[in-house]
Amino acid sequence: MALALATITPGKPEIFAALQGEGASIGRPSVFVRLSRCNLACRWCDTAYTWRFTGDNRPHTDDVAYDRGQNQLTMDEAKVALAIAELGAHLPFPRLVITGGEPLLQGAALARMITNLNMLDGRDWHVEIETNGSVAPHAALDPLVAQYNVSPKLAHSGNPAELALVPERLTAWAQDPRAWFKFVLGVPDDLDQVVALARVYAIPANRIFLMPEGRDSQTLRDKAIWLAELCSTHGFCFTDRLHIHLSGDTRGT
Ligand SMILES: Nc1nc2[nH]cc(C(=O)O)c2c(=O)[nH]1
Ligand code: SF4
Ligand SMILES: [Mg+2]
């Protein structure tokens, strides 16, 4: 059985070790696996190579169409588990961040992969899933997940709200203590939507992170100035994008 993964270079799966760069676990040493495919299409998506394949003309700031054969790789679940175990063998607290794309589109295969990983490693990995929050986790996957990093997409993403903001899902995440919310803001006015969602779905403010939208260090610094101020005023948490400051917008980091 297989997973569709993103690639670092053609033929090389995007599985790597790095510090978690965003959110509640920022700075923690982790192994990452990036899955291919997404159900949304954000204009400013920094991983459009996971979904914007040739023939997909949905709007994106880069307007690049990616060759599927070069940017997507089908890999046996057992081999994915082995690659993760090798990269994490030295970690005293094994943490796996599963990202994408939208990883919850491959929930059943992920459940098998994680079960395999825990068995072959002999330790129970702390699994975090980065999700856009519009897809329900597969029943077999959910008990294997310690943390959901839920990033619902606001209007500036360009997605229709009925695709990006699914009421039953937002209600469920708000009630799940494993779920941390991470809202990407482009301009200060985007905050109004966060405040409205937090109110409608009763999302606790101490589980809400605001993150600047940007793919280079200077943009993040510029936006951090007003975003940090908004966090202080409204009682939300701030998160930077550590990996962008360290490595720029680079695959496998
Ligand atoms: N270091 C690092 N941390 C991350 N946290 C979330 C990431 C993502 O792309 O979802 C990411 C990533 O791509 N790299
Ligand atoms: S939900 Fe995430 S992976 Fe999908 S298009 Fe938006 S930013 Fe990209
Ligand atoms: Mg990212």
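In case you wondered, yes, glycine gets a Cβ from its N, Cα and C as well.
Note that TrEMBL annotation is computational and uncurated.
Residues or ranges marked as substrate binding site by TrEMBL: Leu19, Gln20, Gly21, Arg34, Thr99. Long-range Cβ proximity for Leu19 (substrate binding site), meaning a same-chain Cβ under 8 A and a gap of 6 or more residues, is found for Ile26, Gly27, Arg28, Pro29, Ser30, Leu242, His243, Leu246.
In three-state terms derived from DSSP, Cys45 ([4Fe-4S] cluster binding site) belongs to neither a helical nor a strand segment and is classed as coil. Neighbour list (Cys45 ([4Fe-4S] cluster binding site), Cβ cut-off 8 Å, at least 6 residues apart, same chain): Cys38, Trp51, Arg52, His60. Feature annotation from TrEMBL assigns [4Fe-4S] cluster binding site to Cys38, Cys42, Cys45.
TrEMBL lists Trp44, Cys45, Asp46, Gly101, Ser151, Pro152, Lys153 with the feature S-adenosyl-L-methionine binding site.
The Cβ of Thr47 (Mg(2+) binding site) lies under 8 Å from the Cβ of Ala6, Arg34, Thr99, Gly100, Gly101, each of which sits 6+ residues away along the same chain. Annotated Mg(2+) binding site per TrEMBL: Thr47, in sequence order.
If you look up TrEMBL, you'll see 25-249 marked as domain 'Radical SAM core'.
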Pro152 (S-adenosyl-L-methionine binding site): tally of other CB atoms within 10 A of its CB: 26
Cys42 ([4Fe-4S] cluster binding site): nearby binding-site residues from Gln20, Gly21, Ser151, Pro152, Lys153, Cα cut-off 10 Å: Lys153
Among Gly21, Gly101, which are binding-site residues, the residue with the most C-beta atoms within 10 angstroms of its C-beta: Gly101
Pairwise Cα distance for Gly21 (substrate binding site)/Trp44 (S-adenosyl-L-methionine binding site) [Å, integer]: 18
Listed binding-site residues Trp44, Asp46, Ser151, Pro152, Lys153, filtered to Cα within 10 Å of Gln20 (substrate binding site): none
Other CB atoms within 10 A, centred on Lys153 (S-adenosyl-L-methionine binding site): 22
